[in-house]
Amino acid sequence: MSDQQLDCALDLMRRLPPQQIEKNLSDLIDLVPSLCEDLLSSVDQPLKIARDKVVGKDYLLCDYNRDGDSYRSPWSNKYDPPLEDGAMPSARLRKLEVEANNAFDQYRDLYFEGGVSSVYLWDLDHGFAGVILIKKAGDGSKKIKGCWDSIHVVEVQEKSSGRTAHYKLTSTVMLWLQTNKSGSGTMNLGGSLTRQMEKDETVSDCSPHIANIGRLVEDMENKIRSTLNEIYFGKTKDIVNGLRSVQTFADKSKQEALKNDLVEALKRKQQC
């Protein structure tokens, strides 16, 4: 029964507005306390922003940079609140983490023109793993609010030759928009999308891990953006257009009659 309850709960969370995930998740846990651990580990939540007081830069909070009640900043590598024995990446991986944060900071600035990004890496037996986080919230200008949260978890298995690596990327994007205009009223639109991909890439000075991961993330975000734009927003536009027409009924009737006349004329021409 618990498996069925979990499936139903996850299916419900996928259909509810992303901007209300925390409240809805809390309500579900109150209803079925036994699902608490499974839900918290399975449901991606909107990213929260913290300030690194050491370097004066913002960073994003998630389970991957948390140890107990403290969170590690990717900029200073310090925990807040301070934690003496908190989990840390190896020296080699920390160097890669610093480079990755600088690279994705530029990526975020180019693609999103603002927002906050963070990259966290940790060691594995045969390689390493990491998470790339990006958050861009609308400022509410032009009566439009919204937020984009993307979470990219990548696992890197380094081959024994050291010249190639296997990359496994799992990406989740949570997006919501809200418009409030006097002519059309308030409209909410939001959802989340998760996609996976795996790929083998060459590792060299010309194509290091950061460049390979960057290309994978860029390609995945472009695909997700395209899917959201063409399928979700496109479908919503079709539905709205079907419900509400800018044409008068008389104009629409004339257009339909003209279309029927053209069809009949083409049929007669083909018969001749």
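Placed from the backbone N, Cα and C atoms, the Cβ positions cover glycine too.
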Which of the listed residues, K135, K235, K267, has Swiss-Prot annotated as N6-acetyllysine? K235
Determine the Cβ neighbour count for S2 (N-acetylserine): the number of other Cβ atoms within 10 Å of its Cβ. 10
Non-local Cβ contacts of K235 (N6-acetyllysine) (under 8 Å, 6 or more apart, same chain)? none
